[in-house]
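See structure below.
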Amino acid sequence: MTAGKRKLISPALRAAMLWPHTWAGVTLGGLLMLVFFMGSLAVFASEIDRWMMPDTRIGAVETPEAAISLDRTVVPLVERLAAGRVVRDWFVQLPDERRPVMALRVRTESGTAGGMATADGALLPPVGTLGASSFFYPLHYSLHLRAGFVGYWIVSFASVAMLAGLISGVIIHARIFKDFFTFRNWGQLRRSLLDLHNLTGVLVLPFHLMITFTGIVIILPIVLPAGVQALYGGDIQRFYDDALGNYSRPRAGIPAAAAPLDPMVAEARRLWGSGEAAVIFVYNAGDAASVVRINRDTGDRISLDVQPVFFDGVTGALLKYQPPGPMVAAHRVMSGLHFAAFEHWPLRWLYFLFGLTGCVLIGTGMLHWMEKRRVVHGRPGVGWRSVAALTCGTTTGLLIATLAMMAANRLLPSGVPSRELVEVGVFFLTWIASAVHAALRTRLDPPWSSQCAAVALLAAACVLLNWITTGEHPVRAAAAGDWAVVGVDAVLALTAAGAWSVSRRLARRMRPEASTLSRLTDHA
Amino acid sequence: MPDVLSFPAIFGLCYIAFAALALTVERHWRDLVDSRRPPPRRTVLRLRCAAALSLTAALSAAVHRDGAGFGILLWVLALTAGALAVSATVTWRCRPARGRTR
């Protein structure tokens, strides 16, 4: 370290940085843990969906070979889903590499209907679950609090705190280069925790900065609404229409026959030059003002620009195809960096693992605070016990809730009314129960050992239940090329093994061990 | 280079680069190589050159494999993965030595 650097970061600056770093970590650590953990799961949302919806797995349906005809296959499905009611709008997500079935959603004059269908046009029975893409993933960015964008605000506030924590952490870290690569997992627990905290904070810093920053950028129009307020009177939909090159027009009220869709897809592909159609929307179906929108698949690029092409639904004429401006293009690239929607398996695994190192970073920070307080204050007080319970409830408690939901997904019979909501209920009740258990049992330490044992048992139960209820054990899945199920089962098995060994070690020592806890989070 | 091997190659080059850099850190040099002396200046220089070369090679392999956008992203993330693997190795190599001296 040079002399100039030493002057740049004075002890006073370091001390000034330390208290917001500590306070942000202790108060928002639990929330950030949820955001990072669910975000990591969201990387493999499609794979977890396949695991939770056995009817849509590779082994259950034929993989589509030829391109699907919208007019011959999809339009009849829409009519079947509408069941005689007048269709207003509908959209279809065509099958892709990670989802061998198509997903449809139809809005009729009286309510909506949705479903999955195979590529040859057979409607599948209702999946009966929200799965990872409609439960874990929205939990990551909105906490399922959509009214007034409250959840978005909370998450983006926590993200700004995370960004501040990352940067203040680098300033606080006194021996950043001398301690590079250092993790002493022997000796004092407090030192090991701080080593691991620094190590994940420094080495994974590029990823953490990128993911936190791009995460805020995605919802920037929501959390910084001044521009939208001034130019669009607060109508965020109209802003997005303009910015993203969307097109909409009101219903004419005059019925009209629809033009065939397949030539529109062919025309869209010609306009794109390369790439495939991913989603097709039909607005104002059966009306003279009908609009067809075709989105491009973004699997082959970082940018999330779906290059929508709009056609007149009656004449089939091109209505709008507008490349985004430079600001929007930059925003789409940053969103794409965050979403990782591209077809790139090494990157997908790295995103997953580094997301989990975010959990390690936050968890070790909270554990270090707990250990330090214990040394300074001796007997733990109410504040210490609440942070300890919070830490336990958001690490092992969150794992238990997630695994309990996956186990419930395999256990609940398909006939249960509102099956998907029962699963969500299982998730939240289990989470509350494990948090209460953590709060009640925290005396000198949170109940790490028993909660780890619960994680291990639940994860092992998930693998076994999947085998029993679907007959698809990892070996058969691998033989069938169903890598989604192999992957989910493998990670579950690793979690079970890791959590079990941690639990045994803790039970022998009766003291929480930092390195083992981090290993547990790694395996999650 | 076949496509299957290029990802391990990128990761391996990053690992080698950070292993060289780890040896230029005085603490790790003393733990792993010579506990009496800090690393000589010329060795540090050579290690740093080797690290820079490996990192450049990894970047070019990544860009060659995936194109500029994905290549640079993959390289940045592989850097972190390589550095984490090196620190795991350092921990693993140091632990028995510390155990004996204590």
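Numbering starts at 1 and runs along the chain as it is shown here.
In case you wondered, yes, glycine gets a Cβ from its N, Cα and C as well.
Automatic prediction, not curation, is the source of TrEMBL annotations.
Fair warning: this is a prediction, and the values are worked out from it, not measured in the lab.
Database features, via TrEMBL:
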TRANSMEM  A:21-45  transmembrane segment
TRANSMEM  A:150-177  transmembrane segment
TRANSMEM  A:198-224  transmembrane segment
TRANSMEM  A:349-370  transmembrane segment
TRANSMEM  A:382-409  transmembrane segment
TRANSMEM  A:421-440  transmembrane segment
TRANSMEM  A:452-471  transmembrane segment
TRANSMEM  A:483-502  transmembrane segment
Contact call for the transmembrane segment (A:452-471) against the transmembrane segment (A:382-409), three or more Cβ pairs under 8 Å: yes
Intrachain neighbours beyond the transmembrane segment (A:150-177), with Cβ under 8 angstroms and 6 or more residues off its ends: 1, 9, 13-14, 17-18, 20-21, 24-25, 28, 31-32, 35, 140-144, 198, 201-202, 205, 208-209, 212-213, 215-216, 219, 222-223
CB contact flag for the transmembrane segment (A:483-502) and the transmembrane segment (A:382-409), at least three pairs under 8 A: yes
Same-chain residues at least 6 beyond the ends of the transmembrane segment (A:349-370) whose Cβ lies under 8 Å from its Cβ atoms: 22, 25-26, 29, 32-33, 36-37, 39-40, 43-44, 190, 193-194, 196-197, 200-201, 204, 207-208, 211, 340, 384, 387-388, 390-391, 395, 512, 514, 517-518, 521-522, 524
Non-local residues, at least 6 beyond the ends, that sit with Cβ under 8 Å of the transmembrane segment (A:382-409): 26, 29-31, 33-34, 37, 41, 51-52, 129, 135-136, 359, 363, 366-367, 369-370, 373-374, 422-424, 426-428, 430-431, 434-435, 437-439, 442, 445-448, 451-452, 454-455, 458-459, 461-462, 465, 492, 495, 499, 517, 520-521, 524
